[in-house]
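Here's what TrEMBL has on this protein:
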type: TRANSMEM; residues: B:12-34; note: transmembrane segment
type: TRANSMEM; residues: B:86-108; note: transmembrane segment
type: TRANSMEM; residues: B:120-138; note: transmembrane segment
type: DOMAIN; residues: B:137-321; note: domain 'Cytochrome c assembly protein'
type: TRANSMEM; residues: B:143-164; note: transmembrane segment
type: TRANSMEM; residues: B:176-204; note: transmembrane segment
type: TRANSMEM; residues: B:230-249; note: transmembrane segment
type: TRANSMEM; residues: B:269-288; note: transmembrane segment
type: TRANSMEM; residues: B:295-317; note: transmembrane segment
Amino acid sequence: MADDRRAPTNKGRGGAAPALSFLETLRWAWRQLTSMRTALFLLLLLALAAVPGSIVPQRSVDQRAVQAYFERHPDLAPVLDRLGAFHVYTSVWFSAIYILLMVSLIGCILPRVAVYSRALRARPPKAPRNFSRLPASATYETEADVETVLAAAGATLGLARKDTVTVTDDGAVVEGEVRAEKGYLREFGNLVFHVSLVVVLVGVASMSLLGYRGSAIVAEGKGFSNTLTQFDEFTSGGLFDTDDLPPFSLTLDNLEATFELDGPQRGAPRSFSATGTVIDAPGEEPRPFEVKVNHPLRVDGASAYLVGSGYAPVIRVRDGKGRVVFEDAVPFLPADATYTSNGVVKVADARPEQLGFQGFFLPTAVSFGEDEIPVSAHPAAANPLLGLFAYYGDLGLDGGESQSVYVLDKDGLTQFLGDDGKPLRLMLSPGQSADLPDGMGSIEFVELRQFARFQFSAQPGVMIPLWGVSIGVLGLVLSLTIRPRRTWVRARRRDDGVTVVEIAALDRVPRSDVAQSVDDLAARLAERTGHTGNDYDTASEAEPPKKDEG
Amino acid sequence: MTLEDWANFSNNAVAAATAVLALAWLASVAQWAFGSKAVRVERAVAAAEPALVGGGSASSNAPAVDGPSSADREAAEERSDLFGRIAFSLTVLGFLVLLAAVVARGLAAERVPWGNMYEFATTGICVVLGGYLVMDVLMKVRWLAPIVLGFAVVVLGLSMTVYVPAGPLVPALDSYWLVIHVISAMVAGAGFLVGAGASVLYLLRTRADARGGAKGYLSRLPSAASMDQLAYRVTAFSFPVWTFAALISGPIWAEHAWGRPWGWDPKEVWAFITWVAYAGYLHARATAGWKGKAAAILSLIAFATFLFNFVGVNLFFPGLHSYAK
Ligand code: HEM
């Protein structure tokens, strides 16, 4: 529609390119931007721009994959990074296309709404003089008078918008026509669809600007309260204020993970479920919850999802003086499908030296020989084993720089060695403990717990795009199925007292069945009004519709 | 029957259906071949008897002539029809066997039979065949048989390479949204396939027409305009369904499962690309300068992105939609 219009500045200037005034240039640019061609181009561009994000790992999707990419492509990655390739969907260029598309859409919808509202008020147009020029027409003769024919035509045409116009001679109606138009809902549906696209774009923008997303690991028996410091990872939209985090807190009582025990899919995860209690806001009653995959926990203003699980052995460490300086459930992060997991323990309070441990946890350890390193055979905890290397010295926690709890900074640490001079390897099952050399302390694997990895997020306005697309689809169906048609029935009294009835139709969207329906209409009308028996003639029969055209 | 019996039955039935459909495909190709022979003979006969030009039906009482005769033409015509009927019967049979296989797979796994790539392929082809048969009743699309059957046989054959034994779902897929989301994606995909098939034949036919008239089997296809029309109609049906699958039920499920309705996961990116490409096609059809050939090519590109999403993204790109394994 919009692209049919020519910029008026070019009109009557013979195609020469005179200098445009600033205002004219602006207007020209606006016309260009809001044409359907531009909008489609922008849309295709948006799709193309989305492709790199499916090839290069994205920070918002998988931070670790991005790091791995940097390691694999040390030269290429920084260049890509500057281009925003690791956060395509929030990059400047992606946003630019997005915003231009939105403006373009709005700019092309507004004039169409105006055109449509005028069309709604308009009456069906006059019949053309010569019906046989139209794609389909028919005619028959009847004894009935003009008024009867027109009334019958009005009834037969059904729900269309209709006007009946007559010509009289000496008070008698000698000629008249019924003008009918139907299918206004097509353009309505079309507008609804295009408007809903804008709604979706707005809703998606609102979600990402006003929302936040973070994840945290919570071990059984421990709690989480929704404050910034408790997240392992946290991202939020540009307009999100971290003071606005909803003030809920929860405690995890139990994490249940089941895995296939045998058969070809042995080891495949079957179900995860986390139960505990949640307090929606300080001062409110705790209520029990259960979170499963596909069944998030909804609290006021946020949702919690179970996105992972793993093991958190409870570890107790005594220092050289025999004091318990550490006792906690330490999450070990699973690295593969059998839940071979890695983790570290940092004991900052140990004296005389700080202690650090790094190692792995195997839920079902199997060993293929005395000196072989055991491996995990199944993700369920049938034979849990903790394997650790131990260090002493300075954990490097005082530097002020924040440190990941999953990485041991070995710069200031010395590894304990065994009697054989090789690094000391501790292997512990639940309940077992081991002494460190030189009376530096001991470590005990008290019991095994599990942890849940939750994702917490709020997406204000998440329903907007959903409603937008849903209503948009309905509009789309209207616009694809409804086919506007104009129909005219003209009746003229001949001097011999016979009324000649002519019928014709014109489709706004060409369809192949128009001839057939004009013939049908003529037949039904002829039945109502009676006909002279002269076989009625359909112009469309002169050129029989090919059956396969439909 | 035990679960294992159902699983074995399903595997055998998939193999049987593949074989039946391969035969159906051969028969449909034979139908084309004899049909095109009939056209050639008809032309030769017409050339030999100028008086009968244009009188296709008059050839029954034509005098015998040397060289190709109208009897030859009728023989070829009859064979073509026979193979057409064989192809169709075998298609119905293959569809029923495949349907049984899919149902048995569901019984063996005690869930809907579309939880991994193997099942998506087998159930998807079942939907394609069902859709094709329904469309044949509604709008006579038997001329698409070689394309639809060829596609079905290739996909069923390839599905063996991603076979996994029947079993329960990984937790992320264990949701009723799986049922809704995947079935709508498959229905849309079946329509897109038919649309793509019609577009290919449309392009071949218009090219042949432009080079002085379609010869051989192409001339027996419906007119270029009506194939274009069919491609448009099925695509216009499929597009809203795809919108529902990719942009409504998908995001709702993703919100339940992963905590975000849309995360630009590779699968989501490509679903979006497919959607945009088909929206472009619908516009192209409505825009004067783009009608016809350009629009048809756009619809083929769109279908290619759809296929790529199913095959390429599953196999090459890591993502949350990791049911490829
Ligand atoms: C400036 C922007 C746009 C204009 C002026 C415009 C105009 C139109 C028009 C006139 C039709 C009706 C075609 C017909 O009657 O057959 C249409 C249909 C459609 N538009 Fe747009 N459009 C624009 C942008 C978009 C965008 C960005 C999309 C995104 C997907 C889109 C999706 C569709 C779809 C799917 C249809 C099919 C419905 C139909 O064929 O009636 N449009 N558009």
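Cβ coordinates come from backbone N, Cα and C, glycine included.
A contact links the transmembrane segment (B:176-204) to the transmembrane segment (B:120-138), because at least 3 Cβ pairs that are 6 or more residues apart lie under 8 A. At the 8 Å Cβ cutoff, the transmembrane segment (B:12-34) and the transmembrane segment (B:143-164) share at least 3 close pairs (sequence separation 6 or more) and count as touching.
Residues of the same chain lying 6 or more positions beyond the ends of the transmembrane segment (B:269-288) and with a Cβ under 8 Å from any Cβ of it are 192, 232, 235-236, 238-239, 242-243, 245-247, 250, 294-295, 298-299, 301-302, 305-306, 308-309, 313.
Beyond the ends of the transmembrane segment (B:143-164), by six or more residues, the same chain brings 14, 17-18, 21-22, 24-25, 28-29, 31-32, 84, 87-88, 91, 94, 98, 116-118, 121-122, 124-125, 128-129, 132, 193-194, 197-198, 200-201, 220-222, 324-325 to within a C-beta distance below 8 angstroms of the stretch. Model confidence over the domain 'Cytochrome c assembly protein' (B:137-321) stands at 85, taken as the mean pLDDT rounded to a whole number.
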